[in-house]
Amino acid sequence: MAEKALEAVGCGLGPGAVAMAVTLEDGAEPPVLTTHLKKVENHITEAQRFSHLPKRSAVDIEFVELSYSVREGPCWRKRGYKTLLKCLSGKFCRRELIGIMGPSGAGKSTFMNILAGYRESGMKGQILVNGRPRELRTFRKMSCYIMQDDMLLPHLTVLEAMMVSANLKLSEKQEVKKELVTEILTALGLMSCSHTRTALLSGGQRKRLAIALELVNNPPVMFFDEPTSGLDSASCFQVVSLMKSLAHGGRTVICTIHQPSAKLFEMFDKLYILSQGQCIFKGVVTNLIPYLKGLGLHCPTYHNPADFIIEVASGEYGDLNPMLFRAVQNGLCTMAEKKSSPGKNELPAHCPTCPPELDPIESHTFATSTLTQFCILFRRTFLSILRDTVLTHLRFMSHVLIGVLIGLLYLHIGDDASKVFNNTGFLFFSMLFLMFAALMPTVLTFPLEMAVFMREHLNYWYTLKAYYLAKTMADVPFQVVCPVVYCSIVYWMTGQPAETSRFLLFSALAIATALVAQSLGLLIGAASTSLQVATFVGPVTAIPVLLFSGFFVSFKTIPTYLQWSSYLSYVRYGFEGLILTIYGMERGHLTCLDEQCPFRDPQIILRELDVEEAKLYMDFLVLGIFFLALRLLAYLVLRYRVKSER
C-alpha cells in the first residue's frame, strides 16, 4: 500500500497521499493524529505550488571516482594520509529525494560536504553539474546546505528572519518579497507562529524555518545533514514529507539520515548507502531488499529494511562489506535496478522549476550590493543586541550599579591630596571594569554567532566584509553609551575636577579603552574553536595587559628585557591618559587638611607615577591603532576560518 502511495506521488498526487496511505495501512488512528496529518497534508501539498519563487535551472549532480583523504597527526608531525572516501561514483537527479545512509563513521557527512563544496582539499575525482565540471562559486549560489543543528538568531521573530533572508537573497520589490515570504510560511505551516521569536519554536518548527530561510531564492539543489535528528516521529514525518515535496517540485534534494523508521525509509526515492567510506548500495528504495536477496542476504519479514542494511554494514552478519563493495563496483546495483523497473525512473520531460532547455549559466555574484548587505545586517545585529537581556540590559545595569558602588566607596576623594593613591586606584579600577565589561560579553556571544555566520556565508547570503562591518558597527553605540553612563556617575561622585573638558576627556578615554577591549574580544571569539576555549582565553589574556599597565609596576622598575611588553598593554595607555586628564593640563594645587602634603602639587604626582613626559594625544593615537589593528586581525582570522572550513 505504501509503495503504491509513493508511486502516486511520482504521478503528481502530492505527498499528502503518503500520509493517508500509511495511516490506512497501520490501522485506525486517533482523531487528534488524523487531524494533525491532515494539516501536514495541506501544508506539504502547498509546498509544491509556490508561485512567487524565482525561476531556476534544474540540476543533476554526477560524481566519478570520488575519493577523499586527510593528513593524520598534528600539524608539526604529519604521519601520512587517511582515506575517508574511496572511489564513489553515481548520479543524483532532479525530482529525487536521495538518502545517504550508513553506520556511524561511514563517511556520510564527509561525502555530502564534498558534494556541497564545503570540502575541497584532499579530494580526488570529478564532480559534474548538468554534465559540466562544477564551478564551485556558481554551484554554491544555486545550492543550500541545511545543517543538523538549526542555528538561528534567537532574538528575531520568524517573520523578521524570513524578511532578512528575502532582502539579502532577492532584488525584487518589497511587496513581492512580502508575498513570497507569506507564501512560504503558509506552505510550511509557520504562519501561525510568524511573530514568535525563534528561540521559542519547537524542534520541528525550527527545522522547517531553517528550510524556509533557504527556500527564499528557490535553490535547485538542497543538502540536509541529519534533518530528523532530535525530532519526534510526527515532526520527522513532516520534515521528510516536506523534503519529498520539494524534490518533486523539480529540485535535487540530498540528505544524510542515520536510521529512519520503515515509514520514513519508504518515502525516499533513492538511496546511497556507505560503509567504511565505500558504497555498498545505490538505487531506488524498493530495489534494496531484492538486491540483497540476490546476494544471499535475506531481510526478515517484519524487520525494518533500514535497520537491516545498517546491521549488515556494521558487521553483525559477518564481514560482508568487501563482497558488497565488489558488487557495486561491478555494476550489479545498476543492472538489478534496470531489470526490476525498466523505464520507471526516467525523468519527466518538463521541470516546473525551469524549462530544461534554458539551462542558463548562472552568475556567482550576490543578489544585493555590499552596501545593501551591510545595512540589512546592521539592522539585524542592532535589533538582536537591543533585545538580548543578558548582553544589553544586564550590561547597562551593571555599569549603573557598579558606578554607584564605586562612587560611594571613593566619595569626594578627587581633590584630596592626602588620598592621591586612593584616587589612582579608582582610576585603575575604572579601566579594569570597563575592559572586562566590554571584553567578556563579546567573548561569550561571538563564538555562538559563528555557527550562524558560517551557515549563511557558505550558503551565499552575503560577503564576509559586509557581515564583519555590520557586526563591528552595530555594537559601537552600546560601547559608547555604557561607559558614558558609568563615567557620568563616578566622575562627579568621586569629586574629580569640575571642568567639562576634563570630563569629556575622561569619558573619551573610557570609550576608547572599551572599544579596544571589545576588539580583543572579537579576535578571541573568532579564533576560538569553542565557547569553552574562548571563556578560558579571554580572562587569561587580560593578566599581562593589566600587569604591564603601569599601576602595579612603574615602567622604570620593569626589567629591561620585559619593558617591550608594556607597549603592548592597551590598558597602560588608557590609565596613563586618565592620570594626565585628572592631574595634568596645568591643574592647580589640590586641597589638603594635613600639615604635610607631598602631593599637593599635581606635577609631583605625575613625576611619581612616571607619566610626566607622556602626551595625552599619543595615548588616544595608540588606542586608535590598537582598535584598528585588532579589528583587522579579527577580520583576517574570520577569513582564515572560512577558508579552513573547505
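Note: Cβ is positioned from N, Cα and C throughout, glycine not excepted.
Cβ contacts within 10 Å of S109 (ATP binding site), excluding its own Cβ and spanning all protein chains shown: 16. The ATP binding site annotation in Swiss-Prot covers G102, P103, S104, G105, A106, G107, K108, S109 and is backed by sequence analysis.
Note on the domain 'ABC transporter' (61-301): mean pLDDT across this stretch is 88. Under the heading domain 'ABC transporter', Swiss-Prot lists 61-301, citing sequence analysis as support.
Residues or ranges marked as topological domain 'Cytoplasmic' by Swiss-Prot on the basis of sequence analysis: 1-393 (among others).
A Cβ distance under 8 Å defines the sequence-distant neighbours of the topological domain 'Extracellular' (415-425), meaning residues of its chain 6+ beyond its ends; these are 494-497, 551, 579, 582, 589-594, 597, 599-600, 605, 609. Annotation comment: Swiss-Prot describes 415-425 (among others) as topological domain 'Extracellular', evidence class sequence analysis.
The topological domain 'Cytoplasmic' annotation in Swiss-Prot covers 447-472 (among others). Sequence-distant contacts of the topological domain 'Cytoplasmic' (447-472) (same chain, at least 6 residues past either end, Cβ-Cβ under 8 Å): 118, 140-141, 144-145, 147, 149, 151-153, 165, 168-169, 214, 364, 366, 368, 370, 373-374, 376-378, 380-381, 522, 525-526, 528, 530-531, 534, 631, 634-635, 638-639, 641-642, 645.
Taking DSSP states H, G and I as helix and E and B as strand, the topological domain 'Extracellular' (494-503) has 4 helix, 0 strand, 6 coil. Annotation comment: Swiss-Prot describes 494-503 (among others) as topological domain 'Extracellular', evidence class sequence analysis.
Summarising the annotation, Swiss-Prot assigns topological domain 'Cytoplasmic' to 525-532 (among others). Within its own chain, the topological domain 'Cytoplasmic' (525-532) is flanked in space by residues 442-448, 450, 634, 637-638, 641, which lie at least six positions past its ends and keep a Cβ under 8 Å from the stretch.
Secondary structure of the topological domain 'Extracellular' (554-617), assigned with DSSP and counted as helix (H, G, I), strand (E, B) and coil, comes to 33 helix, 1 strand, 30 coil. Per Swiss-Prot, topological domain 'Extracellular' is recorded for 554-617 (among others), and the stated evidence type is sequence analysis.
A Cβ distance under 8 Å defines the sequence-distant neighbours of the topological domain 'Cytoplasmic' (639-646), meaning residues of its chain 6+ beyond its ends; these are 117-121, 450, 454, 457-458, 464, 526. Annotation comment: Swiss-Prot describes 639-646 (among others) as topological domain 'Cytoplasmic'.
Among the features that Swiss-Prot reports, transmembrane segment is placed at 394-414 (among others). Beyond the transmembrane segment (394-414), the same-chain residues lying 6 or more positions past its ends with a Cβ under 8 Å from any Cβ of the stretch are 422-423, 426, 429-430, 433, 437, 441, 478, 481-483, 485-486, 488-490, 492-497, 582.
The annotation transmembrane segment is assigned in Swiss-Prot to 426-446 (among others) on the grounds of sequence analysis.
For the transmembrane segment (473-493), the list of distant contacts is 378, 381-382, 385, 392, 395-396, 399-400, 402-404, 406-408, 410-412, 426, 430, 433-434, 437-438, 442, 503, 506-507, 510-511, 513-515, 518: same-chain residues at least six beyond its ends, Cβ to Cβ under 8 Å. Residues or ranges marked as transmembrane segment in Swiss-Prot (evidence: sequence analysis): 473-493 (among others).
The transmembrane segment annotation in Swiss-Prot covers 504-524 (among others) and rests on sequence analysis. Nonlocal intrachain contacts for the transmembrane segment (504-524), taken as residues 6+ away from its ends with a CB within less than 8 angstroms of a stretch CB, comprise 430-431, 434-443, 446, 471-472, 475-476, 479-480, 482-484, 486-488, 491, 496, 534, 537-538, 541, 570-571, 574, 577-578, 581-582, 616, 619-620, 623-624, 626-627, 630-631, 633-634, 637.
As annotated by Swiss-Prot, transmembrane segment applies to 533-553 (among others), with the evidence given as sequence analysis. Residues 424, 428, 431-432, 435-436, 439-440, 443-444, 446-447, 520-521, 524-525, 562, 565-566, 568-572, 575-576, 609-611 of the same chain sit 6 or more residues outside the transmembrane segment (533-553) yet have a Cβ under 8 Å from a Cβ within it.
Long-range contacts of the transmembrane segment (618-638) within its own chain (CB-CB distance under 8 A, at least 6 residues past either end) are made by residues 464-465, 468, 472, 508-509, 512-513, 515-516, 519-520, 522-523, 526-527, 570, 573-574, 576-577, 580. Annotation source Swiss-Prot lists transmembrane segment at 618-638 (among others).
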Using CB atoms and a 10 A radius, I'd like the single residue among the binding-site residues G102, P103, G105, G107 with the highest neighbour count.
G102
What is the number of residues in the topological domain 'Cytoplasmic' (447-472) that are helix, strand and coil, as DSSP sees it?
21 helix, 0 strand, 5 coil
Neighbourhood of K108 (ATP binding site), C-beta criterion under 8 angstroms, separation at least six:
I100, M101, G102, T256, H258, L274
Under an 8 Å Cβ to Cβ limit, what residues of the same chain, 6 or more beyond the ends of the topological domain 'Extracellular' (494-503), are close to it?
406-407, 410-416, 423, 426, 487, 581-582, 585, 587
With DSSP helix as H/G/I and strand as E/B, how many residues of the topological domain 'Cytoplasmic' (639-646) fall in helix, strand and coil?
6 helix, 0 strand, 2 coil
Specify the secondary structure state of S109 (ATP binding site) as given by DSSP, simplified to three classes.
helix
